[in-house]
Amino acid sequence: MGSVRSFCTFLVIFLSCLVAVHGQGTRIGFYSTTCPNVETIVRNTVTSHFGSDPRIAPGLLRMHFHDCFVQGCDGSVLLSGPNSERTAGANTNLRGFEVIDDAKTQLEAACPGVVSCADILTLAARDSVTLTQGQSWQVPTGRRDGRVSLASNANNLPSPSDSVANQQRKFSAFRLTTRDLVALVGGHTIGTAACGFFTNRIFNTTGNTADPTMDQTFVPTLQRLCPQSGDGSARVDLDNGSGNTFDVSFYNNLSRGRGILQSDNVLWTNPTTRSIVQEFMASSSNFNVQFARSMVKMSNIGVKTGRNGEIRRVCSAVN
């Protein structure tokens, strides 16, 4: 009888740990009694900043992605300081920190010590999609903030040059499927890429010859925007012709050989991912539904709940 009791105790502890690791401690309406206006405050803050700088929307979406793929969705990307995640090469161009700080200041005034920075960023990412004409979804909340932020932990973020196999490996490490991968990369329907990330595709080492999988009529446009000896930090829309609207135009561009990044382009040239791209091209509803599901799934990666982590008073520093 004692051994059965011991096993049951072990099972309860094991399942509790499993829930914490995979983020099932979050729920919709977590702040319904402790801070009922949290979503309104975050939405209004994002909307205000978006009004003066629309680039905030893709910036916040990308920041959330980069947060979740490094130690889980714990707001660690928001911490500043030497050798923090912010200083990693993949994160040096992240934008929108001031939006999160603004929302946190307002929430601390309304509900001191209640709402985590990780949840603010998760909500802000959703609001960024709706502000660019994407579909909204309910966001489970209840995340707590991490206390560790190291640039070295950001080394395994997806790269602009990744093959489909490499992307699948990085996503599957967080139990994200190939379908999740194709949907989440669809977030590139808004935002830009630095020329330095793709000039190797539009120029080779001996001249102007471009990647043969690209639309060759589109290459001269990219070469003008990103000259071979030009500024590698200049930026180009990832979704040509529709870079400010959250839609399926990104997938249409992939089918035309107009994917800017190599990692995007291969989603069309690989048969496994091409079928999903074709589905989303044919149905914006299917894309929006899957994107929302995949975002919720991603936003629950390795979240800290219960007694793990903390509720930061300031998002850029631990308490």
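Placed from the backbone N, Cα and C atoms, the Cβ positions cover glycine too.
No curator has checked TrEMBL annotations; they are predicted automatically.
Worth saying up front: this structure is predicted, and the values here are computed from it rather than measured.
Take the candidates C73, C111, C117; TrEMBL pairs C315 in a disulfide bond with C117. TrEMBL names the disulfide partner of C195 among C111, C226 as C226.
One way to see the shell of the Ca(2+) 1 site is to take the Cβ centroid of D67, V70, G72, D74, S76, E85; the remaining same-chain residues with a Cβ within 8 Å of it are H66, C68, F69, Q71, C73, G75, V77, G146, S149, N153. Those residues of the chain, other than T189, D239, D247, with a C-beta within 8 angstroms of the mean position of the Ca(2+) 2 site C-beta atoms are G186, H188, I190, S242, G243, T245, F246, V248, S249, F250. The Cβ of C73 (disulfide bond) has 29 neighbouring Cβ atoms from other residues within 10 Å, across all protein chains displayed. Sequence-distant neighbours of T189 (Ca(2+) 2 binding site) (same chain, six or more apart, CB under 8 Å from its CB) are L238, D239, S242, G243, T245, F246, D247, V248, S249, F250, listed in sequence order. Close to C117 (disulfide bond), meaning Cα to Cα within 10 A, are the following recorded positions out of D67, C68, V70, D74, S76, C111: D74, S76.
The subset of binding-site residues (G72, P158, H188) lying with their Cα within 10 Å of the Cα of R62 (site 'Transition state stabilizer') consists of H188, given in sequence order. Around the Cβ of H66 (active site, proton acceptor), a 10 Å sphere holds 20 further Cβ atoms from the protein chains shown.
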